[in-house]
Amino acid sequence: MNGDGTALPAAAPRDGTPAPGGSTAGRSTAAEPARRPAAPPADGEERATEAALRPKGLDGFIGQERVREQLDLVLRAARRRGATADHVLLSGAPGLGKTTLAMIIAAEMEAPLRITSGPAIQHTGDLAAVLASLTGGEILFLDEIHRMSRPAEEMLYLAMEDFRVDVVVGTGPDATAMSLELPPFTLVGATVRAGLLLPPLRDRFGFTGHMEFYDPAELERVVRRSARLLGVEIEPAGAAEIAGRSRGTPRIANRLLRRVRDYAQVTADGVVTREIASAALGVYEVDGRGLDRLDRAVLRALLKLFGGGPVGLATLAVAVGEERETVAEVAEPFLVREGLLARTPRGRTATPAAWAHFGLVPPPGPPPDGLPGAAPE
Ligand SMILES: Nc1ncnc2c1ncn2[C@@H]1O[C@H](COP(=O)(O)OP(=O)(O)OP(=O)(O)O)[C@@H](O)[C@H]1O
């Protein structure tokens, strides 16, 4: 029972991955919380391969030098003191390795790992159930922590700081407030941007690691490592070709590698050369810069239908037949990062690089508002 009278569901490890440390026996096969939709088959394959490809220790974790070095110090110091590590906040775009790092933290601390996510914690009871069942030293990974409900977030403050939760048992006149002592634990929170967290929560993390996009050389190492683990023969130029189209993201690099492997096995002798990688990614509509079909549709509409903009998000989304959120959250972040699209006060605008990417010439006249060289508003 809990403060808001809801049932107390248990946290479940994600994707059925056995928790490192080996001491979560009995938990690691529990089902995902019911609120999450079932993963489609392609996702299932991706999840299974992801689990197999995750580096198991900090040594095997490629790139993110600064976060790795700082985290290494935090963990080694905690181990030396024989204490649990400080709470850790990891921020960065999807697929950069936050879950992997949480698993590594558990492995390095030889502690069990519990995985849950903000969207699964909508009632204080959801969180109380998770916290009350933690064992001493356990690592609690809370993915998408910014999506927890506000009351749950407030409950978390107390748990992080004083290792205590206040719960209400019963309802109506029989309700009794109880304070539950918690064993010391380490919270590892993950979010796309630390700025999405309110300061009281952000300040309770002893260490914040910001994950950057990977450079092509690091992604090439990721691809070569994954190819080795998957038993795929790959030439260095083939790995470089995949890395260059992976949008700075290991998850995408691994996904493209699997598609290129399929192509190499079906159309050739299975060896991934530069030519095979390039031809395969052409089939899957991933261009030399990593733009996919949606990215290109957005840019093409912007250039060809709206003369490069500015145009509002809603109009642009209708033009490509997608939801506004899909355009804004899936396509635009990469296009902005690549310097192909600008979000200006008057709407979305194509940059000169976008015109050049399609071999088109921008219309004469000054650049639109918001781009370098534009007249001040
Ligand atoms: N530094 C790395 N070295 C090697 N592989 C990596 C690295 N970072 C991530 N990966 C691989 O990329 C995939 C995605 O990583 P992970 O699930 O940890 O990302 P994430 O940041 O938690 O994403 P999300 O926020 O979407 O859950 C995994 O298969 C993992 O093995």
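Even glycines carry a Cβ here, placed using N, Cα and C.
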Point to revise | Which of R150, R204, R224, R261 belongs with L53, R54, G95, K98, T99, T100, E161, D162, F163, Y214, R251 in the ATP site listed by TrEMBL | key: R204
Check your understanding: Max Cα distance spanning L53, R54, G95, K98, T99, T100, E161, D162, F163, R204, Y214, R251 (ATP binders), Å?
Key -> 37
Point to revise | Nonlocal neighbours by CB distance (under 8 Å) for E161 (ATP binding site), same chain, sequence gap 6 or more | key: R204
Check your understanding: If one measures from the C-alpha of L53 (ATP binding site) to the C-alpha of R324 (DNA binding site), what distance in angstrom results, rounded to a whole number?
Key -> 33
Check your understanding: Roughly how many Å separate the Cα of R324 (DNA binding site) from that of Y214 (ATP binding site), to the nearest whole number?
Key -> 28
Revision key, fill the gap. Residues lining the DNA site besides R324, R343, R348 (CB within 8 A of their CB center) are G312, L313, L316, V327, A328, E332, G347
Study note, to complete from the structure: CB < 6 Å to ligand 1, subset of binding-site residues E161, F163, Y214, seq order -> none
